[in-house]
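Working notes, beginning with the structure itself.
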Amino acid sequence: MGLGIVEPRRQGTQVPATALLLQDDLTGTTGKEKDEIVLVPRPSNTPRDPLNWPLWKKDLCLFAICLSITLGGIQSAILETVNGVLLLDFQTSITKVENLSSYPPLACAISCIFASVLARMIGKRPVYLISTTIFLISTVWCALTKMDYGSFFTARFISGLGLGAYEAIVLSTVGDLYFVHQRGKRIAFLNVMSLGPVNLSPIISGYVADKYGWRTNFWIMTAFTAVALLLIFFAAPETSYNRPAIYETDLTSGDNLPITEERLAADAIATAKEPGSDISSGPADKEITSVEMHKDQSPRSYWQELLPIRGLETRDNPIVLLARFFACGLYPAVIWSFLVGGTYVAWFIALTVVVAQIFSPPPISYTPAQLGHLNAFPAVGAVVAFGVMGALADSTAKYAARRNNGIYEPEFRLYLISFGLFIGVPGLALFGWYASTAAPGHTINWVVMSFIYGMVIFTTVTQQTNTFAYLLDAHRDISVETAVFSVMLRNFFSFGAGKFLPIWLIKSGPASTFYAIAGIQAALVLTTVPLYFYGKVIREFYHRHNPFRFLHVEAGHRLA
């Protein structure tokens, strides 16, 4: 029982996702023990394996993808400060105006399923290109809309469809590119790129809407989206790679561990005998980004990597691939990921829908620009969350592995979930309380309100980072399916929250509403405690009783 984690009753077998991450290295003359990072998973012996790419190329690819994620997040909040203006422009109801922000997550939930199936079949790169193109078209459409609510609503819905790929397959892209000890800070980066600029958006868009009109925001978005599409085309090669199973050391079980170690040892010897190979030990705890390899495949040229599609990646039946996503609902970790991380994101999205409802009417009477100011501390909170997670996400996991004799468990990602209990829950409760104190002759201080709002966003970033990191490490072999199912639940909940939260606020007021939400989130965060202790038992059980195998939807059902 390492660090309180309960071991499965079946002894003598390696549980998938449990891996040797650190090993002692007795160095030269001092005899002092130092830790050397073991690459998990092991890179294969070909330069075409994305794990063997130089780190700058991996990070540039991730940045290109994250720019589109950022624009998608900005698009979701771009109307936050102008709901009152839209109400007058379109001469419609507040419910229909709020639908302009609540329906795109529903569209995203639908499209992410099909985007992920398509990514399995033809690769991730073409799906990213298609999604960004759809998003660009919808942004131009929004900018050109005059006084036709139906046309504007359709454009907004299509923009949600264009975001499907960035919700569905980005997590598995991180798994394609990075080793276990590198993933935490990258997942934190993509989350802050998703949620951080969302909070800057209302500050800028509120000012632009006041001075130039709300449509100008969409023309600005069009320019940035065109740049994002070019960056995806030129800097984001295909990351899907069918690596031989012997190298997937974080996926192996006790059934194939001996042959894996034997094959890897033989491969290392063969590599050492290659002319010009140079195997040497580096400094202790050094981050290794590539290894020497056989030249059994020549690397693809840059121009070859620019091809939008390289053919079918699998001939698996698309109906079976589609069914696999719903089978993920049987995995406790997937449901937990939605309950602990996804719900925080959903409440954040719902908050962008109701901010104008809370702060625009008397006695507060904020203008669009003033509503934008409320997002100052949330933007700072997202950046601070990235800094905290960048510093702690991977180092905490490595520290725990060191305490556990070098053995890494995905449950080591769960320590930082405590941010949700000690910062997020008080933030939600304080948000409701302070908003309810406004009265005629007594307005609220926007700096205080913004700081409280920032507590919620800080927690949203940390929770999403930790839950996604755990999900990726615990079930990397089905990371596309698990991420899609979790995101699908989150977006359906976001849609529902965006519909019922305004009504809840009208009936109960901010204080009672957010006290209830804070209590719900506290209870959900506490479900992490049993997952930490029994997560390894659950992983071993689901390896032996694979739902995909039980439902006959495992990989290998081919097209005719």
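Just so it is clear, glycine is given a Cβ too, placed from its N, Cα and C backbone atoms.
Whatever TrEMBL says is automated annotation, not expert-curated.
These features come from TrEMBL:
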- 61-560: domain 'Major facilitator superfamily (MFS) profile' (DOMAIN)
- 60-82: transmembrane segment (TRANSMEM)
- 102-119: transmembrane segment (TRANSMEM)
- 126-146: transmembrane segment (TRANSMEM)
- 158-180: transmembrane segment (TRANSMEM)
- 187-206: transmembrane segment (TRANSMEM)
- 218-236: transmembrane segment (TRANSMEM)
- 333-359: transmembrane segment (TRANSMEM)
- 371-393: transmembrane segment (TRANSMEM)
- 414-434: transmembrane segment (TRANSMEM)
- 446-472: transmembrane segment (TRANSMEM)
- 484-506: transmembrane segment (TRANSMEM)
- 512-534: transmembrane segment (TRANSMEM)
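Stretch with the largest number of CB pairs closer than 8 A to the transmembrane segment (60-82), among 126-146, 158-180, 414-434, 446-472, 512-534: 158-180. If you look at the transmembrane segment (158-180), the same-chain residues 6 or more away from its ends with a CB under 8 A from one of its CBs are 19, 21, 39-41, 50-51, 53, 58, 61-62, 65, 68-69, 72, 75, 103-108, 110-116, 119, 124, 127-128, 130-139, 141-142, 186-187, 190, 239-241, 250, 288, 397, 408, 468, 471-473, 476, 479-480, 483-484, 487, 491. Taking residue pairs at least 6 apart in sequence, the transmembrane segment (102-119) and the transmembrane segment (126-146) share three or more C-beta contacts under 8 angstroms. At the 8 Å Cβ cutoff, the transmembrane segment (414-434) and the transmembrane segment (512-534) share at least 3 close pairs (sequence separation 6 or more) and count as touching. With pairs at least 6 apart in sequence, the transmembrane segment (512-534) and the transmembrane segment (187-206) have fewer than 3 Cβ pairs within the 8 Å limit; the two do not touch.
Taking the domain 'Major facilitator superfamily (MFS) profile' (61-560) as a whole, pLDDT averages 84 in the prediction.
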